[in-house]
Amino acid sequence: MATEDDTPAWRRFVFGDENLPDPDYPLDHVPGDERKGLVSISAVLLGFVFFAGTLWAGAEVGAAMGFGPMLTAMAAGYAILGVYVATLCGIAAKAGLTTVLLARYSFGSWGAKFADLILGGTQVGWFGVTIPMVAIPTATFFGLDTPTFTAALILIWGILHLATAYFGYEGMERLSLVAVPILVIVGLLSIFIAVGDVGGLSGLFGGASGSEMGFAAAVTIVVGTFISGGTQAPNWARFASSTRVGFWAGLIAFLVGNGFLFLSGAVGGSVYDVTPAGDLYEVLAAQGLAAVGLLALILNIWTTNDNAAYAFGVAGSEAFEFDRKRPFILVGGAIGILLALVGADSLLIPWLSTLGQYVPPLGGVVIADFLLCWRMRVPKMEDVRFAGVRWTGVLAYVVGAVVAVLTAGQVVPGLAAPQVIPGPVGAALNGLVAAFVAHVALYYLLEANGIVDGHDVAPDAERL
């Protein structure tokens with residue numbers, strides 16, 4: 001094997017030091033001596049959830065319901081979302097595996113390739129639609145919002161977002177440990193100024209009470225803000241030092257962190273008439289803090305988009321069974337930047353809608369599988385001969401996806417389907433619950449009774 005000195009520079013850049021394992025273990029369990037504590041895992045997950053779209057959702061719900069009812073819907077929605085993601089994070093910490101490797105247990109070695117496509121491929125699209133959200137305001141701030149300058153900023157920001165993902169968990173951790181405290185301080189400052197501008201809490205709660213949105217619809221929006229992203233959370237929670245650390249980090253990020261951002265959007269949207277409503281940059285600009293707003297927006301988007309790049313990197317590793325994530329981060333990032341340059345940001349809302357239908361059922365199958373089928377006694381990967389397709393998981397996913405489609409009344413935005421299932425909590429949660437129930441039922445009816453085959457596990461397999 002060639003030494004590092006003999007390896008061409010381009011190859012070292014793309015693959016890293018091939019004499020050493022990838023420090024992020026994209027195809028293996030994270031070993032015990034590489035695990036992290038609560039602060040580290042929480043910081044990375046909080047960086048992931050601090051996304052501008054949550055602010056807009058908060059403003060939308062607050063304007064439609066009124067501030068008091070919005071708080072009730074927010075509490076209910078984020079309790080659901082927080083428990084869902086925290087459970088996935090606890091499973092990931094126990095197994096030390098990414099979402100796509102967990103999917104190998106639930107769907108089989110070939111069935112997991114679909115999970116790679118839906119989790120990795122959709123994140124390439126996410127990466128592309130998100131870059132302009134920081135590039136365009138940056139150009140506007142400097143008064144240079146020409147197509148050429150904006151395109152240059154898309155390229156620059158895209159490369160920077162890739163950079164932290166390129167360096168793996170350590171790179172994202174360092175950025176998040178700096179960015180998250182800044183974003184919290186800026187968010188609190190903005191809320192404080194807004195409450196003062198509206199005449200105190202009485203002014204905030206005394207505003208016109210909206211009636212355009214019911215409680216169930218509001219909870220749907222709250223849960224939908226990050227339920228698809230939350231299914232990716234195991235990619236980072238697998239580094240947690242214990243199941244408990246993984247669970248609490250997920251709960252902190254997706255209940256407390258997401259709730260804080262949603263609340264910030266609701267406050268900003270109710271006090272200031274800006275577009276998009278509740279947008280952190282626009283609200284801070286209205287408060288006379290445009291430079292602070294731009295800094296917050298940069299950190300807000302960066303800490304989300306580097307996670308997206310990391311997600312399609314580890315999904316690519318599983319899809320091609322190649323133990324290096326960097327080539328897939330670089331290729332996926334290049335595709336994402338090209339999507340941004342051709343105007344993919346206009347597809348953000350339909351993209352979020354599509355993710356909300358097709359990603360949560362996958363999480364429902366994984367949770368059901370590890371809690372009620374494996375009973376959290378997961379055999380190590382080297383002790384398992386994986387079935388090509390684990391039909392109980394695949395069929396359960398199909399059930400969940402169909403339920404989501406029939407709840408939403410669309411296959412994808414623009415392609416209608418019959419809306420025959422009531423959706424008190426929306427397509428995302430309906431699909432998740434249906435997939436969960438279907439997998440448990442199919443497993444005990446078919447696989448546990450030997451009617452269909454599952455994986456072959458060595459008799460002396462080490463259980464995690």
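Each residue's number is its place along the chain shown, starting with 1.
Cβ coordinates come from backbone N, Cα and C, glycine included.
What TrEMBL says about a protein is an automatic prediction, not a curated fact.
Summarising the annotation, TrEMBL assigns transmembrane segment to 38-58, 78-103, 124-143, 149-168, 175-195, 215-233, 245-263, 283-302, 328-352, 358-374, 394-415, 427-446.
Within the same chain, residues 14, 53, 120, 122-133, 135-136, 151, 154-155, 158-159, 161-162, 165-166, 224, 228, 308-310, 312-317, 320, 322, 412-414 sit at least 6 positions outside the transmembrane segment (328-352) and bring their C-beta atoms closer than 8 Å to a C-beta of that stretch. Segment contact holds for the transmembrane segment (427-446) and the transmembrane segment (215-233), given three or more CB pairs below 8 angstroms at sequence separation of 6 or more.
Distant neighbours of the transmembrane segment (245-263): 36-38, 41-42, 45-46, 48-51, 54-55, 57-58, 61, 71, 74-75, 78-79, 81-94, 184, 187, 191, 222, 225-226, 230, 233, 237-238; these residues of the same chain sit at least 6 beyond its ends, with a Cβ under 8 Å from one of its Cβ atoms.
Counting same-chain residues at least six beyond the ends of the transmembrane segment (78-103), those with a Cβ under 8 angstroms from any Cβ of the stretch are 25-27, 29-31, 35, 41, 45, 111-112, 115-116, 119-120, 219, 222-223, 225-227, 230-235, 237-251, 253-256, 258-259, 262, 311, 314-315, 318-319, 362-363, 366-367, 370-371, 376, 378, 381, 425, 429, 432, 464. Counting Cβ pairs closer than 8 Å and at least 6 residues apart in sequence, the transmembrane segment (215-233) and the transmembrane segment (358-374) reach three or more and so form a contact. Here the transmembrane segment (358-374) has long-range neighbours at 84, 87-88, 91, 94-95, 99, 102-103, 105-107, 115, 118-119, 122, 227-228, 230-231, 393, 396-397, 399-401, 403-404, 428-429, 431-437, 439-440, 443, meaning same-chain residues at least 6 beyond its ends whose C-beta is under 8 angstroms from one of its own.
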